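Novice: Sending over a structure as structure tokens; questions will come in a sec.
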There are 4 protein chains.
Amino acid sequence: MNSPFILINFKTYREGTGYGADRIARAASAVMEDTGVTIGIAPPYTDLRKMARHFSIPIFAQHIDGVGAGGFTGHTPAYMMKLEGATGSLINHSERRLTLADIEASLTAAEAEGLTSIICTNNIRTTAAAAALGPDYVAIEPPELIGSGISVAQADPEIIAGSVKAALKQNNQVKVLAGAGIQSGDCVRISLDLGCSGVLLASSVVKAEDPEAVLLDLVSKI
Amino acid sequence: MNSPFILINFKTYREGTGYGADRIARAASAVMEDTGVTIGIAPPYTDLRKMARHFSIPIFAQHIDGVGAGGFTGHTPAYMMKLEGATGSLINHSERRLTLADIEASLTAAEAEGLTSIICTNNIRTTAAAAALGPDYVAIEPPELIGSGISVAQADPEIIAGSVKAALKQNNQVKVLAGAGIQSGDCVRISLDLGCSGVLLASSVVKAEDPEAVLLDLVSKI
Amino acid sequence: MNSPFILINFKTYREGTGYGADRIARAASAVMEDTGVTIGIAPPYTDLRKMARHFSIPIFAQHIDGVGAGGFTGHTPAYMMKLEGATGSLINHSERRLTLADIEASLTAAEAEGLTSIICTNNIRTTAAAAALGPDYVAIEPPELIGSGISVAQADPEIIAGSVKAALKQNNQVKVLAGAGIQSGDCVRISLDLGCSGVLLASSVVKAEDPEAVLLDLVSKI
Amino acid sequence: MNSPFILINFKTYREGTGYGADRIARAASAVMEDTGVTIGIAPPYTDLRKMARHFSIPIFAQHIDGVGAGGFTGHTPAYMMKLEGATGSLINHSERRLTLADIEASLTAAEAEGLTSIICTNNIRTTAAAAALGPDYVAIEPPELIGSGISVAQADPEIIAGSVKAALKQNNQVKVLAGAGIQSGDCVRISLDLGCSGVLLASSVVKAEDPEAVLLDLVSKI
């Protein structure tokens, strides 16, 4: 994944389940094929298997637990997400915050299963800490902008630039994604210019009338 | 479900995923057909759909979140479990404890989706509280006996009898399941004699070499 | 405490620490003496001892952990709050939610120390569950009204009446307090008329320029 | 605090409250004066003020919340611990784990109040992450050894050496403490030799018949 990476989080939106999930995955797959930009999806746990069978794009779990097989009722261990066909996982999304100890356990479990890891963070300092853990990606998402319709790239470029700088200072291998309010090719362009390797977004694609059109716009200025 | 109810929790045991899940569900289905005793399963989220398509037995989620569609990354809303084909859900299992407010939200979401609800509890007093919430079932599982190999029915019949009494005092419609260490027809018999409507169990079936044999033993003294 | 009970939660307001705490406690003490209405306070942990030494009014902890002496760094066990001079404790306040198992553990610890217990709840159903646990009081506080300046007594009398009814159905010994936005003698009057034994409030007294005047108004229609 | 630093966590041990707290603080104060080694204490919240008034040694809170004054019932904001006289705080102790976002919020609040910060961690990787946040200290405590009577310095020197190395790689200003099972001068000596700036310990001093004798032994090989 050296080209820019766009990851679409389906959350638990109704538009991201069942046929809706197919529709978005098809759009992602088509745009990835046409443009060469890597576009991944993070569907609900229950759609991972179907997505992994039908689409040759990165498939992420929305959360993994750093536990193994055993007595963990209601959990989603990394090994199980891998069995379903996931190629990676979000860890510590702002809607599923974890203790530092659990973030590390989830990351170690992801590595053991060969899953690409993305640790989500809320500010520059936590981005530095997450980078020090050594994941593949850190995704910086200012909580106050998530789902706000206001793009972090336009409203707070300093937090993106500061996060990239802080992350690389701790770990020069880590890649940074920008998230929160990302909705257009301009947002993507600004994020890349500020040193990011891509973006993490959700509603602007998942709830779009025409997801393919939104994705084409997102990649248009790369 | 007026006959005794046996619910098999697959937890995240490796034996309860993929073909293992099929194997246990097939055994449950066969024993239910042969004996008329209701036998349900609680597979991982990722196997719910397949189980629901292939088996005409009660299918439970291991946990549901009392949230709807929307921005709930990594969660398992009741509506989504229903879409997968679940007919019910565990709530507040000892390996996935919830706040009182969240138990109520999960229960209300279960009701809105027509899911059978089982609230798990740890002692007589919390059983009374759970019963007052008005679920279909309360499952009493002393935490110190879960996975211990020691049956609550034999080691602590008083907690079962006390839980049944406390539950019915609060809510004369609620049914009680006994859990923790349940492994034989004797355990089931004792539980029913103490006023339970069935049992909740996991490893003794999931990890069995011959799940059907274990299930046949479990129903043998009903 | 058979007369109406008014409990003032100091939260972590700056006006409720140090001399501010003294000022409110003095007002509570004076109004209690003048009017015979029982007025208690729930100061921060750090002010419990001083309050208990100087004022002969009910002193509540804002939270207790259902653990004993031992390895519980950063916790506030019931026994320790008792040592400080607390006569009771809030449990499960909306700003400090607990699992059902922990609510029960805190309640049992409160009883073991002879502390008056108040379990806070968020709706009618959780009020029923809390009442079934058998505390001295349940305090119903609709979360959306807490700190809103809108009184539950005026905005949602149905939730108060429904909570009283649900609580008494489960436990005819339990007393109910109304909370959220309580600020005047009218609020108290309505709450008592709806079957409550008192009210739980915070900012309207703690942040008042003249706490004694507010308290005198609160008790004026009892 | 350039000399070695020994911090005694009173947890919620009965021996660490009331007169017991005085007794340990007196021993710490005496040994600090006699030997010049900095010895701090982390008493319960309720004893902070008294300790701070009577003893000229570092006084730590066992936990601080990264919130300010306001609606935070049952919390212990940094500003309030500072008002009580604390000079520092533990953050994320293994008995009081926090999300990464909350660790950062607690640390930032500690800095705003001029409190010395110690973030507790459970392995080498989380030590690296904690160091990247920029606290004054990171305290590495393998959870399986806490309260075990087995000293981390003797049972697992590699985790100490690895933690020091990982911490300094991320942040060359940070100091590392070793914790879990520390009980003798040898433990302290080994920890210092492995690059630590001191130790964090609890029961071996708090539950000692003669705390001063234990402290004298602890500093004997510095």
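Even glycines carry a Cβ here, placed using N, Cα and C.
Curation does not apply to TrEMBL; its annotations are automatic.
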Novice: Since TrEMBL lists D:ASN9, D:PHE10, D:LYS11, D:GLY181, D:ALA202, D:SER203 for substrate, which candidate among D:ILE57, D:ILE140, D:ILE146 does it give for that site as well?
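Specialist: Looking through D:ILE57, D:ILE140, D:ILE146, the residue TrEMBL assigns to the substrate site is D:ILE146.
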Novice: Indicate the candidate from D:ASN9, D:SER203 with the smallest number of other Cβ atoms within 10 Å of its Cβ, considering only these binding-site residues.
Specialist: D:SER203
Novice: Between D:ASN9 (substrate binding site) and D:GLU141 (active site, proton acceptor), how far is it from one CA atom to the other, in Å?
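Specialist: Cα of D:ASN9 (substrate binding site) to Cα of D:GLU141 (active site, proton acceptor) measures 13 Å after rounding.
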Novice: When you measure from the Cβ of D:HIS93 (active site, electrophile), which residues in the chain that are at least 6 apart have a Cβ under 8 Å away?
Specialist: D:ASN9, D:GLN62, D:HIS63, D:CYS120
Novice: Among the recorded positions D:PHE10, D:LYS11, D:GLU141, D:GLY181, which sit with their Cβ under 8 Å from a Cβ of chain C?
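Specialist: Contact set vs C: D:LYS11.
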Novice: Expressed to the nearest Å, what is the distance separating D:GLY181 (substrate binding site) and D:GLU141 (active site, proton acceptor) at their Cα atoms?
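Specialist: The Cα atom of D:GLY181 (substrate binding site) is 9 Å away from the Cα atom of D:GLU141 (active site, proton acceptor).
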Novice: Determine the Cβ neighbour count for D:PHE10 (substrate binding site): the number of other Cβ atoms within 10 Å of its Cβ.
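Specialist: Excluding its own Cβ, D:PHE10 (substrate binding site) sees 25 Cβ atoms within 10 Å.
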